[in-house]
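**Student:** Sending over a structure as structure tokens; questions will come in a sec.
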């Protein structure tokens, strides 16, 4: 972990405290412990890695959470790792539902129903910019040749109808990330989907707003 800018763990282990994610907060101060580019530290003779965070795909009772929710949790925790605190209760950074809803770094988990749920607020962007400008020269390196679309990562990428992860026994999704002939959706990737067929799912597709397009 000391050789990486940031390490984020993905797990299916339920958390006793009922949280789906946690991470260290970064700061522009070079001596600050936590977040991106934070070097290993020693506490009570133990090496402490503070450039870390985690996301659990399982809630406190062991039930698998939707990948869409886990993705929002991951983005929220990465925001902390990049120096974004929870959004203050201001009109600019915690707008009402009529104005697009709360942003990613709202104090409480966002459900993903509002456009702003998928975006960092102006407050978050300002905070992260300060950290990146300060810390990037210490550990950021550009990597090339990594494909963006990877079937088998449990995430819906462009061109995929579903993604079963490493499962080879999915009744709804093939190993090539296409829905089987008997399935209309996959419980692993789609809301309100049961055994691959659920009429409510089609209704939600019609009523739910599309996530906003991301620039760059």
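Here the Cβ of each residue, glycine as well, is placed from N, Cα and C on the backbone.
What TrEMBL records for 1-144 is domain 'Peptidase M12B'. Under the heading Zn(2+) binding site, TrEMBL lists 76, 80, 86. Annotation comment: TrEMBL describes 77 as active site. Look at TrEMBL and you will find 148-195 tagged as domain 'Disintegrin'.
Context for these features, please: burial, neighbours, distances.
**Tutor:** A mean pLDDT of 90 is what the model gives for the domain 'Peptidase M12B' (1-144).
Sequence-distant neighbours of residue 80 (Zn(2+) binding site) (same chain, 6+ residues apart, CB-CB distance under 8 A): 23, 24, 25, 26, 35, 53, 105. According to its DSSP assignment, residue 80 (Zn(2+) binding site) is helical.
Counting every protein chain shown, 21 other Cβ atoms lie within 10 Å of the Cβ of residue 77 (active site).
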**Student:** Restricting to the chain of residue 86 (Zn(2+) binding site) and a gap of 6 or more, list residues whose Cβ falls under 8 Å of its Cβ, or answer none.
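**Tutor:** Expected: 105, 106, 107.
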